[in-house]
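S.K.: Once you've had a glance at the structure underneath, I'll fire off some questions.
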Amino acid sequence: MVGGPGEKGGVEEEEKACEYEEEERGEEDQQQRLESKDGVEKERNKTEVMETTCGGKPGKDEHTSISTSSSTITSFSFLSSVSQESLEEDEVRVSLVTMLEDESCPSEPFGTIHIDPPSQFVHEEKEEEEETKREEKEEEEEAAASVHLQQMKRKLDHGPDGRPFPSGKKHCKGSGYLSPSSLAQATPTTFGDLRLANGHSAQRRRVTSGPPPSGLQDWLLTFQTWSGPERLLALDELIDRCETSQVKHMMQVIEPQFQRDFISLLPKELALYVLTFLAPRDLLQAAQTCRYWRILAEDNLLWREKCREEGISERVRRRECERPAADISPWKSAYIRQHRIETNWRRGDDREPSVLKGHDDHVITCLQFSGDLIVSGSDDNTLKVWSAITGKCLRTLTGHTGGVWCSQMAIATVISGSTDRTLRVWDAESGKCVHTLYGHTSTVRCMHLHGNRVVSGSRDTTLRIWDISTGRCEHVLTGHVAAVRCVQYDGRRVVSGGYDYMVKVWDPETEVCLHTLQGHTNRVYSLQFDGVFVVSGSLDTSIRVWDAETGGCVHTLTGHQSLTSGMELRDHILVSGNADSTVRVWDIRSGQCLHTLQGPNKHQSAVTCLQFCRGLVLSSSDDGTVKLWDLRTGAWLRDVVALQSRGSGGVVWRIRASDTRLVCAAGSRNGTEETKLLVLDFDLDEKKKEVDIN
């Protein structure tokens, strides 16, 4: 159907209107494309300015061209206006268009990336916060490590206790010594770092046998990529495949790095405490390590403890103070001297004893010495005073009209008892007789001195107590019915033994016999009394231990076969010498015989006298010898004296010993050996202050 002119005109107008709208729409699209192109150009310029200024990629708050399926967005600020639903539904793609024209910037080119919903941005922000916290924590740990290293450096510079080192002290420069200058600023993480921290050059351990094997660096890089357990496993396998020389090389490289002079790093008090556990021999060796170790090893209190352990008295230490030695503490000097004396006792030397001849061919019946004075009494009615140093007879004490049978000595005062029934008090230095004590009606056979009082026992069956300063007889004790053969006095009680087979305990002040100890079946010849126990030796071959307070018999010690001629008691240990040629060691608390000193080196005749000191037992015999025994083990050590006439009449009658000297009275009954004194000094080497303690 064909419309009229009116209809045609209307259609043309509608077509023109559509064409006009399309032209306007096209112009608007073109304008939008131009604006978009201008925005891209502006963004490119901004990006180039940022890269030129910062040398990196743009930050997340900077304007960047963002393309979406529906629109072009020029800023990240759209996140605040875009709805949460549209972000969850659509995947937003951002094209960062950059022109990296600066080739010097090593930044990686940007491509098209995906921006996740805001939850991922929150997650990334949390990760960044955690990373920041980790960095702050690492900084705090590094600061703490730095403080620790500074403290270690201060200890090494000023001593472990924070005080400056004393003058003369120096660090021990051992192979493992850690000097302050070698401290690293950070804790070593590898063994190579440790070597450098200890001041050892890495070149020192290089093996120059040839060029490194091919693939070594790859092998080392592979090793570094492994975890700790994997490295340990690899090292175990590697060691198993090494030869002995290679393992030795590893030890020579590794061991010095872990050696530390801990003594120098400890406070002085702790270092000295550690050194107290060392034996004296080890202390002397430690003193040779370095100067500071020597300072510690010379500590006076340290050596005082060692002296206390060995029973060395304050008196010995004071004597060493009177003879000071440079750079040696008095206690150490005392210890070394005592050890030297002990060694001389046990081992002896080639020195011949000093020989003091006197008393002609008479028997020396009693022997005493104190300090450097020796006093011998004889049946020739005299006493002689000798110098232990020069060996000369200083003077002869005459006045007795009968043989001298017993004596006592304190410093320079000598008391003697004789068959002339008197006691005499002498001044050994002047040779004068101070007092003559009358009262006994028969031979004075025994005596014991305590302080200014001496108790004498006689064949007249009585005991008398004398004041040697006044010469007055203070008390007379009667009760024995036969000769009194032995006596002991401790200042409080008197104990006596006689030929009536009895032992009596007396109160000297009241002159009352407190206990009569009955049990022996023959004469009592020897006594010992320590204030608690009384020990008596008899011709009946037994030794009895008595309680001094109750009078009861505690133990009967059996084992000897003849007369017990001499005994020594100290600290509950009793040593007895017998005519059966043996010496026995007893514990009087238990009544057990600890040792019998015999064997292939035992005496061949009756034991005449005993002494024990310094853990040693000395015994003399009719066989002409003096033997030395170890008190603890009972072992024979050596013959200290052996007369040329031994076995053919030579006799050692009496012995007296101090810590440093031994005096023996020797002779014979048939003229084969002249009467003499033998003096052995075990402290001759006064100048030698340090010895090798074995």
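One is the number of the first residue shown, and numbering goes on along the chain from there.
Note that Cβ sites are derived from N, Cα and C of the backbone, with glycine treated the same way.
I grabbed these lines from TrEMBL:
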- 1-73: region 'Disordered' (REGION)
- 12-27: compositional bias 'Acidic residues' (COMPBIAS)
- 28-49: compositional bias 'Basic and acidic residues' (COMPBIAS)
- 104-184: region 'Disordered' (REGION)
- 260-306: domain 'F-box' (DOMAIN)
- 364-396: repeat 'WD' (REPEAT)
- 397-436: repeat 'WD' (REPEAT)
- 437-476: repeat 'WD' (REPEAT)
- 477-516: repeat 'WD' (REPEAT)
- 517-556: repeat 'WD' (REPEAT)
- 557-596: repeat 'WD' (REPEAT)
- 600-639: repeat 'WD' (REPEAT)
S.K.: Can you tell me how the residues of the domain 'F-box' (260-306) break down into helix, strand and coil by DSSP?
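M.R.: Once the DSSP states are binned, the domain 'F-box' (260-306) shows 33 helix, 0 strand, 14 coil.
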S.K.: Over the repeat 'WD' (600-639), what is the model's mean pLDDT?
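M.R.: PLDDT averaged over the stretch: 91.
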S.K.: Please give the sequence-distant neighbours of the repeat 'WD' (364-396): residues at least 6 beyond its ends with Cβ less than 8 Å from one of its Cβ atoms.
M.R.: 354-356, 358, 402-412, 414, 416, 418, 426, 428-429, 431, 653-656, 658, 661, 663, 665, 667, 675, 677, 679, 681
S.K.: What parts of the chain pack near the repeat 'WD' (477-516), using Cβ distances under 8 Å and only residues at least 6 beyond its ends?
M.R.: 442, 445-451, 453-465, 522-531, 534, 536, 538, 544, 546, 548, 550-551
S.K.: Under the DSSP assignment, what numbers of helix, strand and coil residues are found in the repeat 'WD' (557-596)?
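M.R.: When I sort the residues of the repeat 'WD' (557-596) into the three classes, I find 0 helix, 24 strand, 16 coil.
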S.K.: When the repeat 'WD' (364-396) is classified with DSSP, how many of its residues are helical, how many are strand and how many are coil?
M.R.: 0 helix, 22 strand, 11 coil
S.K.: Counting each residue once, how many in the repeat 'WD' (437-476) are helix, strand and coil under DSSP?
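M.R.: Once the DSSP states are binned, the repeat 'WD' (437-476) shows 0 helix, 24 strand, 16 coil.
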S.K.: Using DSSP, what is the helix/strand/coil residue split across the repeat 'WD' (477-516)?
M.R.: 0 helix, 22 strand, 18 coil
